[in-house]
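Feature list (source: Swiss-Prot):
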type	residues	note
BINDING	Gly68, Pro69, Glu70, Ser71, Ser72, Gly73, Lys74, Thr75	ATP binding site
Amino acid sequence: MAAGDNKLQALQQALNSIEKAFGKGSIMRLGEASAKLLVEVIPTGSIALDMALGIGGVPRGRIVEVYGPESSGKTTVALHIIAEAQKMGGMAAFIDAEHALDPVYARNLGVDIDNLLVSQPDTGEQALEICEALVRSGAIDVVVIDSVAALVPKAEIDGEMGDAHVGLQARLMSQALRKLTGVVSKSKTCCLFINQIREKVGVMFGNPETTPGGRALKFYSSVRLEVRKVDTLKQGSDMIGSRTRVKVVKNKVAPPFKVADFDIMYGEGISREGSLVDLAVDMGIVEKSGAWYSYKGDRLGQGRENVKEFLRNHPALAAEIESMIRGRTESARLAAAAAPAAGDGE
């Protein structure tokens, strides 16, 4: 026992000296009240995607990567996250390295463009320094970088068109992420990188697709979302939107590999009503018999599009159904978080 007491005393002295040197909270036991067990989140604007992420949205204080082919809905998802952060009273920033942000579309998605900070940097270094400065301020809830592929190193911009710049962008991203990760964690900012897709040459077997910017972002990201368009939504002969599938290919805060399907309507963004209909049917909240949908014995309409329109015209009913879906999801999430703790106590 004496040897055990000596060890504990030595450990406590070490902890005290660490806290004296680096400040209180620099080292702690994981289960202490000061160490948050439930991750703080920002909703994505799609209840289906919130459920697929397992925690109700994208995590604060973490790095998130959203990637996919062109016109798949990557920027739309990012703008919805910004809109949700603003609805919660937060501040958001959009670093537009592609110089392609459409303010009218952003407003249609619910973004308060008068209070959205926007930067259109000249070089990759400038973009990442602006990002770091915003995160260090501690006043930003979400910062979006669109996109990694457009973060051009200064040496490449200053050089000639045909010059080879092997690995410059990868080195830039690796250095920036080493600096950013700790700052992002302390500030509770969600740092969201949008990325494109490239194809590796000469791949015979397996997936030839990769993302630009080296491997650093893959490692440092707590969540990676793959966004793909799977179908086109039509009304008669008119194309009115696209059916989008998001796969959670990496998740450090919940079980990964879950998939969310939702509608993105052209000019409007993610269809809230479409996700409500799909999830309510899956959970048994709304009954589907043939083409008819009913809720608590009352018919909502015939056909999915008609039910979406009905919910759009009856926001109180839509809010009630959403509350039931989120309530069940949150109960399951809290039960999953409490299960290991209950097991430890036995």
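Glycine too: its Cβ is placed from the backbone N, Cα and C atoms.
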Query - Neighbourhood of Pro69 (ATP binding site) by C-beta distance under 8 A, where only residues 6 or more apart in the same chain count - result: Ile197, Arg228, Lys229
Query raised in the report: Given the ATP site residues Gly68, Pro69, Glu70, Ser71, Ser72, Gly73, Lys74, Thr75, which other residues of that chain have a Cβ within 8 Å of the mean position of their Cβ atoms, reported in sequence order?
Result: Val227, Arg228, Lys229
Query - Under 8 Å by Cβ from Ser72 (ATP binding site), same chain, sequence gap 6 or more - result: Val227, Arg228, Lys229, Thr244
Query raised in the report: Which three-state DSSP class does Lys74 (ATP binding site) fall into?
Result: helix
**Report entry** Packing count at Thr75 (ATP binding site) (other Cβ atoms within 10 Å of its Cβ)
**Finding:** 24
**Report entry** Fewest other C-beta atoms within 10 angstroms, as judged across Gly68, Glu70, which are the binding-site residues
**Finding:** Glu70
Query raised in the report: Judged by the number of other CB atoms within 10 angstroms, which among Ser71, Gly73, Lys74 is the least packed of the binding-site residues?
Result: Ser71
Query raised in the report: Quick one: what's DSSP say for Pro69 (ATP binding site), helix, strand or coil?
Result: coil
